[in-house]
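Peer 1: If you scroll down you'll find the structure; I have some questions about it.
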Amino acid sequence: MQCQECGERSATLHYTKIINGEKTEFHLCESCAREKGEQMPGIDGSFSIHNLLSGLLNLDTSISEGQHQVHDETPSMGVRCPTCGLTYTQFSKIGRFGCSDCYQAFDDRLDPLFRRVHGHTSHRGKVPHRTGGRLKIRREVEQLKQDMSRRIENEEFEEAARIRDRIRSLQEKLAGQGG
Amino acid sequence: MSLKRFTEHALSEWMRGKGPQSDIVISSRVRVARNLSGLPFPMLATSAQSSQVVRRVEEALYAAKELPVLKEAELIRMDDLSELEKRVLVEKHLISPQLAEESRHGAVVLSKDEAISIMINEEDHIRIQVLYPGFQPQEAWRIANQLDDWFEKHLTYAFSEQTGYLTSCPTNVGTGIRASVMVHLPALAITKQLSRLFPAITQVGLAVRGIYGEGSEALGNLYQVSNQVTLGQREEEIIDKLASVVKQMIQHEQSARRRLAEGTPIQLEDRLYRSYGVLSQARVISTKEAMERLSDLRLGIDMGILSDIDANVMNELIVMTQPGFLQQYAQERLDSQERDIRRAVMIRERLHHEGTEDEQ
């Protein structure tokens with residue numbers, strides 16, 4: 001069954017509202033239900049991983065509000081993913097991202113969440129093979145740049161020059177592979 | 001009929017129990033979550049986008065058929081299965097309840113031996129799962145990793161340098177890996193040591209739960225131990241940590257069994273024999289009682305108290321006496337009373353046909 005609001009996604013939320021004896025049926029997708037500001041029946045009371053998560057997310061908000069009272073929290077809560085349209089507020093309620101671009105859109109608010117759940121904020125594991133070659137080179141370039149500045153600070157200019165040449169050749173390699 | 005093969009052929013490889021440490025470890029599983037770049041996650045995907053995901057995986061699968069492990073694999077769409085057939089797949093741990101009940105354009109790729117199941121359009125676009133008997137999480141990861149590499153040749157994953165593989169739920173981001181081991185801990189339960197063991201396990205970042213996943217009751221002293229952290233550690237570190245904790249659990253269970261065996265009190269021996277008696281004679285039995293009795297039976301076999309019974313009986317029967325399976329076997333819908341009767345019949349038959357290869 002299609003969602004009666006957007007007519008695009010499948011309806012996952014089905015419920016009947018009875019007001020003054022008048023029955024109205026609703027068939028909505030998760031996203032439109034959020035948009036309409038409807039309460040998700042049965043979800044709030046349940047004890048799912050997503051509820052726990054949204055608890056963590058809301059906790060983050062209250063903590064950051066306490067710490068940075070200069071910042072106005074409201075606009076940032078309303079940040080919207082330009083690709084799928086999910087807002088940060090929706091994300092913090094559902095505990096799930098709408099698409100991979102949400103990670104970018106909510107970027108400045110995710111680190112505390114990741115730290116809480118995983119104890120870390122950056123990936124150290126496997127890298128896809130096809131794109132991995134370039135990523136590996138970029139990681140090496142970053143490392144070499146740090147080395148170079150350290151050498152310069154220590155006035156080890158000869159060594160720094162050698163590292164600079166190495167960085168150049170790696171960057172040419174990257175450019176040669178197309179961007 | 002290939003569908004019949006998957007849903008009616010009762011035993012998956014992992015239930016045969018021929019793996020390392022299979023006296024304590026029932027099975028090892030590794031699941032890897034992946035999403036395709038450029039498409040919204042299943043929760044927000046349109047029907048057309050979801051069916052595109054299935055199509056793309058199907059094409060990649062076609063190319064991946066060169067892989068020996070996927071040679072006779074098949075893609076099965078949830079829409080083509082009856083409620084009962086889906087339920088059987090859930091009970092065999094080959095798909096999740098979420099894929100069975102809530103997915104749109106949900107599908108699963110199953111290898112012939114059912115060790116590999118790849119769920120499509122569950123919470124993430126792709127979830128590669130490898131399920132092996134006994135204690136072999138490293139081997140399960142090796143195969144899952146290989147499958148992942150293969151798919152990645154044909155599909156572009158949603159990946160970021162900073163955060164790794166991007167998943168629908170932030171609890172899976174990074175490696176997308178969830179490794180779990182199912183253990184049978186009757187001696188630790190009898191000696192009341194579980195309440196001390198479990199908090200320690202949670203403290204090192206692992207989770208313990210019942211065998212049918214989140215929120216399920218721990219029936220038959222069976223527990224699933226799995227990693228919680230997916231970001232900031234390498235896959236091998238995650239697997240090794242889980243393996244080393246499970247190894248310690250195995251040692252604790254073994255020493256508890258040894259201590260029980262040293263001065264096996266007549267009360268314990270009596271309890272194990274009684275359970276055997278109930279299983280081989282009962283006419284009506286609930287899931288809960290069956291699981292508890294089967295746990296006793298298995299402990300009796302492993303401790304050498306009960307002999308001439310195949311140790312796999314428990315592994316097979318815990319799945320085969322589930323509601324979906326019983327109904328599939330009976331070829332009809334059964335209410336809960338009828339299921340309790342059929343369950344007793346199935347257990348009696350299995351115990352009496354001991355040693356024969358074919359239980360049809």
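Glycine too: its Cβ is placed from the backbone N, Cα and C atoms.
Quantities reported herein were computed from a predicted structural model and do not represent experimental measurements.
Here's the feature list from TrEMBL:
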BINDING   B:27-31, B:His93, B:Arg127, B:178-182, B:209-214  ATP binding site
DOMAIN    B:24-256  domain 'Phosphagen kinase C-terminal'
Peer 1: Which of B:Arg127, B:Arg209 has the fewest nearby Cβ atoms, counting only those within 10 Å, among these binding-site residues?
Peer 2: B:Arg209
Peer 1: Determine the most Cβ-crowded residue among the binding-site residues B:Ser27, B:Ser180, using a 10 Å radius around each Cβ and all protein chains in the structure.
Peer 2: B:Ser27
Peer 1: Would you count the other CB atoms within 10 A of the CB of B:Val30 (ATP binding site), including those on all shown protein chains?
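Peer 2: B:Val30 (ATP binding site): 30 neighbouring Cβ atoms within 10 Å.
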Peer 1: What is the pLDDT of the domain 'Phosphagen kinase C-terminal' (B:24-256) when averaged and given as a whole number?
Peer 2: 92
